[in-house]
Structure formats: structure tokens, C-alpha cells
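To keep things clear, I will list the structure first and then write my remarks on it.
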Amino acid sequence: MNTSNIVVRFFLLFSLIGIVSAQLSATFYAKTCPNALSTIKTEVVSAVNNDRRMGASLLRLHFHDCFGCDASVLLDDTSSFTGEKTAGPNANSLRGFDVIDTIKSKVESLCPGVVSCADILTVAARDSVVALGGASWTVPLGRRDSTTASLSSANSDLPGSHTIGQARCVTFRRRIYNDTNIDSSFATSLQANCPSTGGDSTLSPLDTTTPNTFDNAYFKNLQSKKGLLHSDQELFNGGSTDSQVNAYSTNPAAFKTDFANAMVKMGNLSPLTGSKFPFTIMDTTLFSMNKPTTLKIRFFLFLCFFIGIVSSQLSSDFYSTTCPNALSTIKSGVDSAVSNEARMGASLLRLHFHDCFGCDASVLLNDTSSFTGEQSAGPNVNSIRGFGVIDSIKSELESLCPGVVSCADILAVAARDSVVALGGQSWTVQLGRRDSTTASFSGANSDLPGFSFSLQQLIDAFSKKDFTTEEMVTLSGGHTIGQASCSTFRTRIYNDTNIDSSFATSLQANCPSVGGDRNLAPLDTSPTTFDNAYFQDLQSQKGLLHSDQELFNGGSTDSQVNGYVSNPSSFQTDFANAMVKMGNLSPLTGSSGEIRTNCWKTN
Ligand code: HEM
């Protein structure tokens, strides 16, 4: 198999993962089993109180289930398949099945047939980490359970992993007798309990200093060549990952946050959702490959898991110690701007959207002698607004906590607060973006969708940024607030045929065929309320922009528009989730970029 094939399959695989993970949602059981999460948590906390190691065991159980989180790991062998429990990485080693069974039976008596074992595993892993002092994360839910299991893929897919828990002598014997990158007294002390033959099941802590605490001791141990497993020490062995180990040793909070984010990503790896197996294509793609290629892909997946750890450094409590009033300051600034002028809410939402597709506050930068910024790009010129509001929020924050809160984060929070101020559903904004030191005029021109786009062009523009068609439709619902200028809908009201004729005529009064380019018209019938009227308008051919009406024009997205009309709260929830995704698009984090002092210029 050649490299391009591998790359194509890899992208196919990841786009499918993207589609499926988009079907998970944090509120999946909110109506059907509202006490599911609290029931799982209570049982996990009690199990961990009884036996601290159980926290590690539940985390590992989820990990071994994942790379397809579908509870296949829990299935006993049957006459038609040999399950995963006897696979090398699992046999005599996985534990926690009883805890999961108890949770399942409690949840079944609360809401029979509703909560999957795969979701229980995922939530139990999170609650275990929290019970041992780690950071929490929101678990997207809605996985379904597999109807089979694979001994062979459990054998071939699972890598070794370890700040909590224990490992058996058989897994680290070769390391303590043969490896050279090991602290010699550490090796000797382990040999006492793990002879060169026999004693295979004797346990030793994976993180020799604090095996029952979710902390960064694992990384500190690696620095002193005290990784228990060969695979652990590989992460700090003069290679490219040494710097990350060093960073986690000095910054434990960064490790906790990154771990939480990476766990969300792992929990979303190829779950079963909806009513059938959506992954036949992926499975055949993966498993029809010859062995070396399969290994390459699996290695790549594992690598991506670690890349994920490095890249996703955003967290919702990023400013909780460095600028505790950051969020309330932004909210007051937004609330006051929106109560002065309701449209400002729409403008701030749009400003964040136009910044995103790389949320780094580049949209706020004025032109300089070294670059032409984004403000004069086609989709922005004479159109995006709200800079004054962002600048005044920024100056308040600079006096509260100088040099701490990025302009990109202000934009992301202001967009959320704007939607809320106009009656929409809230969401948790992940924070920690940094500001760019440059801007791209050409990127803004080429990446942002145009008002004359066809459905296919809209789908393509959003899919370039990893959004599904469904998410594109959802996000277009941002047009439930705000205004557009005549120049953006002129062609539609004079030329389009899929437009209500009296609607077109009434708009023509204020948008002549020549002139009046800047005259405004509302994007939907209730432009200062974040509701589902935008979708209702589309049903009656009253979409203002050509691109709006494309979403309801006899094509594949009509059904979603209908769904949002009949179920307004599903639009609100989907919108909130899609905004979180948008806000996380390729932010600058860590030491990239800067925290600007003024949002309109680099420091
Ligand atoms: C689907 C592709 C999209 C296209 C083609 C598009 C295009 C436009 C255009 C042409 C305007 C009017 C600009 C003007 O005349 O000044 C506008 C306004 C607006 N857009 Fe979009 N947009 C899209 C997606 C989005 C998304 C994803 C959001 C947010 C989630 C959004 C939020 C807004 C808002 C709130 C306004 C009103 C701004 C104001 O009143 O100041 N748009 N959009």
C-alpha cells in the first residue's frame, strides 16, 4: 500500500470519527435518564473509597475499550466469538467489571434500556480521575454497545500506558533486567519482588511515588529514569517527547488540563451511535490492510492521541487563579453594549466567527507596514463591527490583571455572552487561546463563506474546517440575529426564484437595484432574539441571503431545517455544541503567539 493511500484512508477514518463524535452530546440522558451521571459518580466514589486502585482500574478499562469505545471489552466469550478479556494486554489484568455491573444494574432499575455500558465506562473513567484528584471534563454521551468483540484487535491495537495504578512483573521484567536507560537502584529494588523467572503476577506501582494520586509524579519519575514500563521510559529517552515530559514535571496543571481534553478525544473515538453500526467502511478499510500498513496506521493513531495531548491546552478554568473576574467583566461589558444596542450581540457573534477558522484574534489587528490585516478582506470590509466593545472590555481587563487575558478569549466569551443576552442557550467556553502576531488578508478572503454560495460550496467551506454538513446548518442559525446590508442580498431579491414574492418586493423598497448598498435588513423575522425563527423563515422562502435559502431548497439539508422548526431546543443545544467546536479551531496555546496589550496591534 503506498503512502498516499495510507493518508487518504487516515483522513477518511478521521472524518468519520468527526461525524460520529458529532452525534454525541453531554446532555444525551438529560431527559431520558436525568440521574444517570449522579448514579455513576456515587458508585465510582464508593468503589474508589473501598480500594484506591479501583480508580486506576476503571480508567484503564475505558482506555482498553477505546480505540472504538463500544463496551466490547466487557463482553464474555461466546460460541460465535472470543472476546477481548483474554487478549494479552487484558488477561488477568483488567479489573473493575463488578463496579461497572453494579452501576449498570442501578441505572437499569432507574431507566431500563437507556444508558449504554460504553457510556458508563466513559463516565466512570472521568469520575475515577476526579476521585483521585485529577481535573474533570465534560463527557459527550450517546455511545451504543457493540454486539461483538475482537480478541485480535485488542491484542494488536493496545499500547501500554500511568500516574495511577499497578503493573505486573511480567510487563516490566525485561525492562528491569535488560534496559540500560533505567536508574540502577530502582531496577535492583524492583528485582527483589520480580525475579527473572516466576512471580509473573506480582504487582509494582506504575508511578512509584504516588500511585493513588492523579498528579505529575509519573513524569518526574521518567526524568529520573524510573519509568516502570519500557514504553513509559520511551517518552523520556532523548527523543522528541522529552520536552513535553519536562513541561509536565514543572507545570502539573498543564498536564491535568491536557489529560482531561485528551480523554474527551479518546472517548469520542469511533463510538457506535444512532441505530446501526456506522463503521463498516472504517473497519474494512483498517482490517483489509496488510500488516505493516495496519501497524503504521495504528501507530499514527496512537501518535495522534499524543499530539492531541500537546495541542489541546484549552480549559474552562484557565483564568480562575490568574484573573478570577475575567468572565464577569466580559459579561458586564457585553450586557451593557447589547442593552444599548441589541444588534451589537449579533455583531459580536459574527466577529468571533470571522476570527475563527483559527480563533487567534487576528481579525482585530489593524493593517501594519508588514501585513495587510483581515478587516479589509471582502467578507469583512464595512461590515464587521464591535471592535469598540472588545477594546473597552480589554482595557478593563488590563487594569484588573495586566497581560493575562487574550483578545481571542475575549472574543470567544463575548460571542457566548451575546447569544445568551439575546435569549439563546449558554455553553462553556474553553479558554487559554493566545493572540496571533500577524493576520491573513488572503486567508480571510479565501476561507470565509460567501453570501452567494451554493449548498455544496457552503458544505465544502465548512468541511475544510472539519465541520460536518449538519454543523454548517446549525452554525448558519447564527443568522437568527442581526442584519445584513443591501449589497449582500440584492441579487437574491431581484434574481432568485426560490423567494417569497411579497417578501422580495418589501425588501426592494429599501434596497434599490442600484445604490443603497449599506441599507440594512434583518436576517430573520426576530433579529434581536436568538430563537429558531431563522429556520421558520427558510421554510417560507424568506431567507435573506442566497446562502441562507440554499439550506432549504429541496436538498439534503431540508430535513434538518424542518427538525429545528419542530424542535427549537435541539437547535439551541446543537448551536451551543457547534460553537464550542468552532471556538476550539486551531487556537494558539502554550508559548505560541502572545497576550496582546491592545487588541488592535501586536505588542
Ligand atoms: C454559512 C455561511 C455564512 C455566510 C455566507 C454568511 C454571510 C453573512 C453576511 C453576508 C452577513 C451580512 C454582512 C453585512 O451585510 O454586513 C452576515 C451577517 C451575520 N452573520 Fe453570517 N454568514 C455565514 C455564517 C455565519 C455563522 C456561522 C455565524 C455565527 C455562528 C454568522 C453570524 C452572523 C451574524 C450574527 C450576522 C449579523 C451581524 C450584524 O448584524 O452585525 N454567520 N453573514
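From the backbone N, Cα and C atoms, a Cβ is placed for every residue, glycine too.
Within its own chain, Asp355 (Ca(2+) 1 binding site) has Ala361, Ser362, Val363, Leu364, Ala408, Leu411 as residues 6 or more apart in sequence whose C-beta sits under 8 angstroms from its own. Residues annotated as Ca(2+) 1 binding site in TrEMBL: Asp355, Gly358, Asp360, Ser362, Glu374.
Feature annotation from TrEMBL assigns Ca(2+) 2 binding site to Thr480, Asp524, Asp531. When other Cβ atoms within 10 Å of the Cβ of Asp524 (Ca(2+) 2 binding site) are tallied across all protein chains shown, the result is 23.
TrEMBL lists Cys323-Cys401 (among others) with the feature disulfide bond. Under a cutoff of 8 A between CB atoms, and with a sequence separation of 6+ in the same chain, the neighbours of Cys323 (disulfide bond) are Leu397, Leu400, Cys401, Val404, Val405. Look at Cys323 (disulfide bond): DSSP puts it in coil.
Annotation comment: TrEMBL describes Cys356-Cys359 (among others) as disulfide bond. Cβ-based neighbour count (10 Å, all protein chains) for Cys356 (disulfide bond) stands at 27.
Over all protein chains present, the Cβ of Cys599 (disulfide bond) has 22 other Cβ atoms lying within 10 Å. If you look up TrEMBL, you'll see Cys407-Cys599 (among others) marked as disulfide bond.
In the three-state DSSP reading, Cys486 (disulfide bond) counts as helix. Annotated disulfide bond per TrEMBL: Cys486-Cys511 (among others), in sequence order.
Looking at the domain 'Plant heme peroxidase family profile' (23-290) alone, the prediction's average pLDDT is 79. Annotation source TrEMBL lists domain 'Plant heme peroxidase family profile' at 23-290 (among others).
For 313-603 (among others), the entry in TrEMBL reads domain 'Plant heme peroxidase family profile'.
Taken from TrEMBL, the feature site 'Transition state stabilizer' applies to Arg350. Sequence-distant contacts of Arg350 (site 'Transition state stabilizer'), defined by Cβ-Cβ distance under 8 angstroms and a gap of at least six in the same chain, are Ile384, Gly386, Gly478, Gly482. A helical conformation is recorded for Arg350 (site 'Transition state stabilizer') in the three-state DSSP classification.
According to TrEMBL, the transmembrane segment annotation covers 6-30.
Sorting the disulfide-bonded residues Cys359, Cys401, Cys407, Cys486, Cys511 by the number of other Cβ atoms within 10 Å puts Cys407 first. With a cut-off of 6 Å between Cβ and the nearest atom of ligand 1, the recorded positions Arg350, Thr480, Asp531 reduce to Arg350. Cys599 (disulfide bond) sits 14 Å from Glu374 (Ca(2+) 1 binding site), counting Cα to Cα. In the three-state DSSP reading, Ser362 (Ca(2+) 1 binding site) counts as helix. Straight-line distance linking the Cα atoms of Cys356 (disulfide bond) and Glu374 (Ca(2+) 1 binding site), rounded to a whole number, equals 12 Å.
Around Gly358 (Ca(2+) 1 binding site), a 10 Å sphere centred on its CB holds 21 further CB atoms from the protein chains shown. Using a 10 Å Cβ-Cβ cutoff, Ser362 (Ca(2+) 1 binding site) registers 27 neighbours.
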